[in-house]
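What TrEMBL says about this protein:
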TRANSMEM  6-26  transmembrane segment
TRANSMEM  47-66  transmembrane segment
TRANSMEM  78-101  transmembrane segment
TRANSMEM  122-146  transmembrane segment
TRANSMEM  158-179  transmembrane segment
TRANSMEM  186-205  transmembrane segment
TRANSMEM  225-247  transmembrane segment
TRANSMEM  259-285  transmembrane segment
TRANSMEM  305-329  transmembrane segment
TRANSMEM  341-360  transmembrane segment
TRANSMEM  372-399  transmembrane segment
Amino acid sequence: MAVSIAGVISIVVFYLVILVIGLIAARKSGFRARNIDSQDVILAGRNIGLFVGVFTMTATWVGGGYINGAAEIVGTKGLVWCQAPFGYTISLIFGGLFFAAKMRKSGFTTLLDPFHQKYGRLMGCLLYLPALTGEVFWSAAILATLGATLKVILDIDLSLSILISAAIALLYTLLGGLYSVAYTDIVQLICIFVGLIVGVPFAATHEAARSLTENSTWLGSVDPAFIGTYIDYYLLLIFGGIPWQVYWQRALSAKTVAIARGLSVLGALGCLILAVPPVLLGAVAATADWNKTAYGQPSLAQEDVALTLPLVYFHMTPVAVSFVGLGAISAAVMSSTDSSFLSASSMFACNVFGVMYQLARGQRPSGTMTVWVMRCAQVVIAGLACGLALTVTSVYYLVGAVLRLRLRHPLPPAAVRAFRALEQYIRVSGSLRLRPPLPPARRRARPQSPTCYSVPLVRPSKRPEVPFRTLAMFISLASHLGVSAGARQVFRRTSCPPTWTSSTVSSWTRKQSAVVLRTEPSTWRSHQAMKRLTKKTR
């Protein structure tokens, strides 16, 4: 297939429009000024209103993986397994109702600030690692999706399309920060909505399409043996979707607490509405007779199911409509990619570089320095995402692993202490979530549920699956609370200094433990008394 000149021109025009809007919005952040306020770049000066906030919140979640994944899962497993739209909707509502007000009132800048405040500097830096990997893997996944889409519809080189898309998103994000990201999200969300809505009637009335009311196979079903897996995925989406910086960056940038709540709830409604067109297109793909199209097979091949949405546009809509749909997919990818670049870099600048600089120099870095560090981090993060998108074929499995790491708790429990949280962070959370669910020799061949244990003493045909992700989360949470409570009792009843704890392996961590112990007056007094007694005996 030759390269479509008209399609290439339409994509170039779309990219130029997005770039111009991003550069115009960048002027509000004062990128030309000598003294830059980091709050203007990271949080748009906490000046985001309800209208812009709802658009940018919705566009951030409705990314390339969201719409492509919805169409793919409906086309392969059925509507009942299309859990992401409903799970993320509930996640945004929970975040808005239970956490947004507290976070906004506290004046935090990033998701890691409450962890930094509770656990101290060391844990704040360590918790950046799962946040960084999540953003990089997610960006790589949606960039790879865009590259495959452009190759299917326009026959453009995969590497070229990924690099150009990432470069444009990176350019306006570098200059304008959240201002550019938020205002380009408005245009991108409009393109997503129009592009998806236009394609539905053409695909549904194509000669290869069958009536959705007469054929109910696209609804799907849940095997009773996989109820545990089904619930596990929902819990993963609902609670694993809360601790994401891309969400909190928008909630914390709101003008008021009420707006922070409102944009979360209304953004959830927008996510649910925009899931309807890709679900319908996936249903059309599931019931269609692909022999009547240029595809030439009864159904989509296994290697093509990930491209369900672009293939429907390519084979079942007119050429002009397919270009509009391509613009929708491109807009969805860019709306998520720029947000990931900005969120990961802002956490690095504030919670890693800022902490290191303060320890070394005794003062916080200036706003200009913070912004430039953030820009350098954006370039590195974009490079990592592009590298993964070009070389790794199973990025979505990596995203699932990172989501399991994030399925912890959106805010730190009051009973957990920093020096024991560090130990459990390494031993429990890492071992349970990164290791395979069963040793290779004992693992059953169940590709549908690779992260679930099976209940013993039950016949294999009736053996239900245990939700491994949720089980790992509860074990980790119980371990955190139990070990921290035990350690607190030990320090209250004995005179152990903070340097005796197993996690005080460096002078930095010893200072951290001392800061935590100062919140316990009786423990701190006993420690000071022991120090005075030691001096007298000397």
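Note that Cβ sites are derived from N, Cα and C of the backbone, with glycine treated the same way.
Any TrEMBL annotation is an automated prediction that lacks curation.
Outside the transmembrane segment (47-66), and at least 6 residues removed from its termini, the chain residues within Cβ reach (under 8 Å) are 84-85, 88, 92, 138, 141-142, 145-146, 149, 178, 181-183, 185-186, 188-189, 192, 246-247, 250, 253-255, 259, 262-264, 266-267, 270-271, 274-275, 278, 329, 332-333, 335-337, 339, 396, 399. Through the fold, the transmembrane segment (186-205) approaches residues 14, 17-18, 21, 52, 55-56, 58-59, 62, 67, 212, 270, 274, 277-278, 280-281, 284, 312-313, 316-318, 321-322, 324-332, 334-335 of its own chain, all at least 6 residues removed from its boundaries and within a Cβ separation under 8 Å. Cβ atoms under 8 Å from those of the transmembrane segment (259-285) belong to residues 48-50, 53-54, 57-58, 61-62, 66-68, 70-75, 79, 82, 84-86, 88-93, 95-97, 100-101, 103-104, 189, 192-193, 196-197, 199-200, 203-204, 206, 209, 212, 218, 247, 250-252, 300, 308-309, 311-312, 316 of the same chain, restricted to positions at least 6 beyond its ends.
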